[in-house]
């Protein structure tokens with residue numbers, strides 16, 4: 001075979017192929033004669049193709065992924081390299097049988113097999129002769145069939161009509177190549193150099209954009225002249241489609257050019273009209289001037305507006321600056337300069353509104369009522385800047401709306417979480433296209449008054465980036481001495497924010513910039529107690545969810561005991577968001593029963609709760625007996641409330657080592673060390689031999705080792721545990737304690753007293769030891785929460801031991817020598 005230049009048609013490279021080069025041949029008349037003289041085998045393995053048809057003489061690559069196809073190719077490649085190729089009737093069939101394939105196919109030679117990384121096989125095939133399946137011999141491991149050759153009816157060599165048809169085929173093929181943007185012009189060279197009549201028809205048929213059914217129809221035509229005519233018909237249709245497509249594209253391009261020209265002329269005409277008359281813009285600017293006269297501006301603001309309006313009159317209406325200037329003046333007019341909503345000074349009404357929407361939160365409510373009282377006495381008082389800090393879900397954001405309702409003010413809120421661009425606070429300068437005011441000014445425009453209740457939500461989530469530090473921009477907003485002339489970059493004028501009541505919310509005060517934190521009055525909101533959560537659920541959450549699910553109190557009720565079971569057994573949070581979700585689950589179960597007319601309990605029972613929510617997994621600890629030496633009940637406080645904490649200690653023979661376990665932090669470890677050193681220093685007073693500390697090892701442990709624990713409040717509990725262990729004395733029944741210890745024997749106050757007291761009461765504790773200085777914390781707790789509890793206030797460690805330890809030894813007391 002002679003070598004040919006590399007050509008690419010429809011992603012198919014056309015070259016000569018031999019064993020030493022990766023080439024795919026164009027068929028010559030000599031090749032065709034040699035191929036026609038080859039005898040076909042009696043039977044062949046049959047390879048079904050999904051979406052293509054192989055013509056004699058044509059070379060195509062095939063990707064095989066089916067197991068049968070891969071095995072067939074591998075076996076044939078290892079043998080005679082001759083296979084039968086047929087097209088599937090339905091390309092979706094994964095395992096076609098003899099009834100799912102066309103009977104007419106092409107004998108093919110395997111030129112090359114390439115194994116792909118994904119396990120598939122790519123095989124390059126060259127068509128040889130057409131054949132017809134006589135009978136399928138087997139279908140496993142792949143299809144094998146007996147075949148017979150299908151002869152090709154060739155026209156007479158002197159048939160001038162056939163010659164003209166072939167010339168037309170070549171000419172149309174060249175025209176299609178020129179019209180199609182996807183076929184390279186080099187393909188013309190290949191068409192012109194094809195000498196074989198049948199290969200020309202087969203090559204063109206193979207590369208036309210036809211369906212498998214249409215190509216199979218061409219392959220099935222025995223007469224070469226008839227096949228050439230049918231191919232010519234398809235080519236005419238293809239050429240007409242291409243010409244029509246190109247005409248449409250040319251027309252679209254012309255239409256776009258025409259539209260652009262008309263737009264340009266229209267803009268020119270509009271500019272000329274504006275220069276001659278300028279009617280619409282002038283009217284708009286006159287309206288702005290009239291509206292400005294109704295505003296309560298000071299002289300400086302009035303002059304600034306007139307100056308900016310005059311600047312707008314001189315601008316070209318088509319320039320981008322004109323649109324920015326219009327937006328600026330519209331904002332200037334829409335801002336509520338000097339417009340304030342009238343405050344309601346009915347303090348009883350305000351208290352009622354606050355109590356209606358929020359249970360507890362006494363400190364916040366007290367501060368709001370105090371502000372109202374002072375505002376009532378002195379009308380020009382600057383609004384406070386308050387920061388409510390506490391865990392999620394305790395009502396920090398929602399209380400702002402209640403405050404606005406109580407004061408009779410508008411309510412606006414912006415979320416600062418993730419804000420990293422200073423321009424979001426101060427706005428963009430007017431020199432930028434698309435410039436806008438900051439969120440503060442935009443929110444005031446939306447509120448329509450200059451004294452709304454303004455919630456700055458998640459102020460601790462502010463972050464800085466390449467566009468500046470928004471937390472620094474807030475320094476001016478939240479400074480009562482500066483915010484009477486807040487400067488927005490877009491507004492370019494000082495705006496009075498002194499009457500705005502800013503309420504910021506945060507979860508972590510440590511994340512707030514110190515200078516910003518210093519400008520705010522911080523009110524800490526601790527998590528709700530169990531009792532408060534139950535009351536909130538009863539007053540607010542349960543009725544709210546009943547209404548949300550289309551039920552009323554006649555359809556379903558719930559008792560405090562069941563609400564407490566949900567709170568303690570299924571939630572562990574500071575707020576009430578998860579509690580509301582659990583209540584909604586219980587109500588949905590009842591709503592389903594109502595809708596399906598099923599029987600159900602109209603009063604929620606414990607069994608209903610377990611049925612809907614499952615078995616409780618968050619049961620709290622209860623007080624245990626005092627029969628074991630070294631076991632003392634302490635009190636702990638976390639962000640989700642209080643809990644009791646057991647301190648355990650054990651003694652064993654050794655050399656005086658102290659082991660501390662239970663996932664404790666450094667502060668708790670130090671408390672244990674202080675307690676032991678205090679006992680050593682006061683061994684004689686406690687009736688202990690100093691030799692004990694050289695002969696025995698002590699192990700101190702706090703259960704629930706998976707939970708990290710830290711803080712000084714377990715100090716007196718650790719001390720009591722170690723003394724009980726060393727003396728083998730019983731600890732007083734139903735007693736818990738909390739307090740920090742020092743080497744001098746002093747007991748210091750600790751925090752979270754309210755939560756700890758409530759946790760102790762729930763756990764069945766009757767007596768509690770506290771530092772004397774914590775008495776003020778007890779005085780702030782409602783009396784109903786303290787019923788049944790006895791408090792012992794101490795200053796010294798000796799007082800703790802005198803109260804906590806009894807004269808009785810524990811059962812099976814050890815004798816320590």
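Every residue gets a Cβ built from N, Cα and C, even glycine.
Going by Swiss-Prot, these are the annotated features:
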- 44-239: domain 'Lon N-terminal' (DOMAIN)
- 390, 391, 392, 393, 394, 395, 396, 397: ATP binding site (BINDING)
- 626-807: domain 'Lon proteolytic' (DOMAIN)
- 713: active site (ACT_SITE)
- 756: active site (ACT_SITE)
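Annotated features taken from Swiss-Prot, shown on the structure.
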residue : record           : DSSP (3 states)
390     : ATP binding site : coil
395     : ATP binding site : coil
713     : active site      : coil
756     : active site      : helix
Inter-residue C-alpha distance, residue 391 (ATP binding site) and residue 756 (active site) (nearest angstrom): 17
Near-site residues: ATP, ref 390, 391, 392, 393, 394, 395, 396, 397, CB cutoff 8 A to centroid: 388, 505, 507, 525, 574, 575
Rounded mean pLDDT for the residues that make up the domain 'Lon N-terminal' (44-239): 85
Distant-in-sequence Cβ neighbours of residue 756 (active site), under 8 Å, six or more positions away: 635, 636, 637, 642, 738
Cα separation, residue 713 (active site) to residue 394 (ATP binding site) (Å, whole number): 25
C-beta crowding around residue 395 (ATP binding site), within 10 angstroms: 22
Nearest-integer angstrom distance between the alpha carbons (Cα) of residue 713 (active site) and residue 397 (ATP binding site): 32
Sparsest Cβ surroundings (other CB atoms within 10 Å) among the recorded positions 397, 713: 397
Surrounding CB atoms that lie within 10 Å of the CB of residue 394 (ATP binding site), all protein chains: 27
Close in space, distant in sequence - residue 393 (ATP binding site), Cβ under 8 Å, 6 or more apart: 573, 574, 575, 576, 577, 578
The one of 390, 391, 392 whose CB sees the fewest other CB atoms within 10 Å, among these binding-site residues: 392
Long-range Cβ environment of residue 396 (ATP binding site), under 8 Å and at least 6 residues apart: 388, 389, 390, 505, 525
